[in-house]
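The feature domain 'HTH myb-type' is assigned by TrEMBL to 1-58, 59-113, 114-147. Look at TrEMBL and you will find 7-58, 64-109, 110-147 tagged as domain 'Myb-like'.
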Amino acid sequence: MPQYKGRKIWTPEEDQLLKYAIEKEDPHNPNPSKWTAISKHVPNRSNRDCRKRWTSNMAFTFIKGSWSPTEDAMLALGMERYGERWSLVSMVVKSRNSDQCAKRWREILDPNINRARWSPAEDNKLIQAVEQHGTAWAKIGKKSFRP
């Protein structure tokens, strides 16, 4: 029987290792960015695992919920300076982590988002894609329904 390769629950020991690694590799930075170096201190965890754990569960410096106009302006400034280098962008915003910044930009603020009403032809194309791929939205999105 194949072994399920799901998420591995973080242990208190791993959390301690992560805290230690952040203090060692990126000291006094409330928004660490040296995740490759940090992850080397936490066995069997990738840089992405460590970043996600820190920003989702352990960092208390980030705001959750609605974005302020000031945060949106700082995000736009960060994008202008650094492009999609989200760790650097989040350092400009200060109150949001890199995942929050990426999501806000890609889903709300990106000026390239087409907000026009969908045409009946686009509706049909989307319906066909869902019939073919189910709710695999990333796969459907790659079909570039809208630039």
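Every residue gets a Cβ built from N, Cα and C, even glycine.
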Mean predicted confidence [pLDDT] for the domain 'Myb-like' (7-58): 87
Tally of DSSP helical, extended and coil residues in the domain 'Myb-like' (7-58): 31 helix, 0 strand, 21 coil
Counts by DSSP class (helix H/G/I, strand E/B, coil) across the domain 'HTH myb-type' (114-147): 19 helix, 0 strand, 15 coil
